[in-house]
Amino acid sequence: MSTAALVEGKIVQCIGAVIDVEFPRESMPKIYDALILDGSELTLEVQQQLGDGVVRTICLGASDGLRRGLTVKNTAKPISVPVGKPTLGRIMDVLGRPIDEAGPIESEVTRSIHQKAPAFDELSPSTELLETGIKVIDLICPFAKGGKVGLFGGAGVGKTVNMMELINNIAKEHGGYSVFAGVGERTREGNDFYHEMKDSNVLDKVALVYGQMNEPPGNRLRVALTGLTMAEHFRDEGLDVLFFVDNIYRFTLAGTEVSALLGRMPSAVGYQPTLAEEMGKLQERITSTKKGSITSVQAVYVPADDLTDPSPATTFGHLDATVVLSRDIASLGIYPAVDPLDSTSRQIDPNVIGEEHYSITRRVQQTLQRYKELRDIIAILGMDELSPEDKLSVARARKIQRFLSQPFHVAEVFTGSPGKYVPLKETIRGFKMIVDGECDHLPEQAFYMVGTIDEAFEKAKKIS
């Protein structure tokens with residue numbers, strides 16, 4: 001350690017997770033320097049220089065028992081975490097320390113969690129599709145390899161289950177490395193995820209970083225950066241890596257919690273005034289370069305189901321595909337509860353996905369949109385008042401709606417139905433048959449919770 005690392009300061013004020021520390025005026029710590037409480041492992045991160053040798057810091061850990069006058073040492077460098085292969089198969093906290101009781105992480109390489117985003121000329125956009133095996137996603141909002149995807153939804157509509165199914169389908173097929181950052185979510189889900197990975201023998205290819213909802217705001221604010229730093233290292237080694245974040249909203253919320261304590265004026269709806277900058281700094285680093293790619297899937301909680309709330313609205317602009325989960329669709333018992341009219345993807349372009357896929361997607365959306373427009377008329381006057389064309393549109397739309405449902409592998413224990421992985425070709429073939437009228441003779445319940453269109457035909461035989 002350098003001489004600067006030995007500089008000592010004293011705590012002068014504690015307000016929750018925000019701690020003020022006084023240092024000699026000639027050796028004030030820099031912004032983002034990590035400070036360590038003498039005699040403990042508690043880390044503080046410098047956020048502001050207040051002048052007269054006083055710095056304002058965020059506490060990365062519980063601030064219980066802290067008091068004025070305690071000694072703090074300056075490490076003179078930002079928080080660094082272990083990266084590389086030794087992190088695979090391990091569960092770590094925000095500082096990269098193992099929390100799985102499996103011994104220390106023997107990594108010789110560490111990396112600061114604060115990095116600059118790659119330069120513009122290093123970026124490498126991709127148009128290659130990533131098949132997920134989930135019909136509604138592959139058809140309506142296909143993912144790009146090396147792209148960024150957001151799963152938007154309110155409380156209890158299935159963000160985490162969708163995320164787990166994507167991990168199940170992509171990470172297992174992918175064969176490369178994955179990093180999972182649990183940001184302010186339930187510890188039980190983190191535990192379930194660990195055992196799910198272990199049972200399917202892919203744990204040795206996954207690094208897990210957790211800062212769950214019982215932890216202080218400093219941990220939740222920085223844990224996404226810790227996970228991202230590990231993913232960036234694999235990318236810079238020339239690998240294609242998957243990066244999962246659950247939940248990006250909690251990252252924003254942690255920023256809101258410390259923002260007022262740092263003395264910033266709240267902005268719209270009480271969010272921090274630096275919301276767009278904080279989100280931009282994180283999202284701009286999640287990108288693919290000429291060396292390797294990061295394909296990222298992020299769950300985004302939508303407060304009170306309001307997509308115009310500043311937090312989800314700020315996230316939208318950074319994503320290549322948005323999967324919007326709808327409470328109305330979930331209430332019909334259709335899972336995954338993806339809204340096919342609200343969800344979008346930049347890959348929906350005939351030059352990228354091909355003419356056939358593009359035309360089927362648009363025809364499916366047109367049919368569903370027509371049904372949405374007719375719903376009020378049906379509710380008031382009934383189906384009999386519709387023209388024959390509209391009756392046909394409604395019948396097909398209801399079949400499409402049910403065919404967009406699918407049993408998940410990760411939900412087998414709850415539903416009792418075996419999960420289905422549907423290849424993209426089968427998805428396109430199935431929806432083409434419905435919009436072309438080849439399934440008009442089948443009852444709509446035959447399409448509910450099946451995989452391919454052939455299964456719908458078999459189910460129809462059993463029903464009749």
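Cβ coordinates come from backbone N, Cα and C, glycine included.
Now, the feature entries from Swiss-Prot:
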| type | residues | note |
| --- | --- | --- |
| BINDING | Gly153, Gly154, Ala155, Gly156, Val157, Gly158, Lys159, Thr160 | ATP binding site |
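Residues near Gly154 (ATP binding site) in space but far in sequence (CB under 8 A, at least 6 apart, same chain), listed by position: Tyr301, Val302, Pro303, Ala304, Asp305, Leu325, Arg327. Cβ neighbours of Val157 (ATP binding site) (same chain, under 8 Å, six or more residues apart in sequence): Leu325, Ser326, Arg327, Ala330, Ala337.
In the structure as shown, the Cβ atom of Lys159 (ATP binding site) sits within 10 Å of 27 other Cβ atoms.
Each residue in Tyr301, Leu325, Ala330 lies on the same chain as Gly153, Gly154, Ala155, Gly156, Val157, Gly158, Lys159, Thr160 and has a C-beta within 8 Å of the C-beta centroid of that ATP site, without being one of the site residues.
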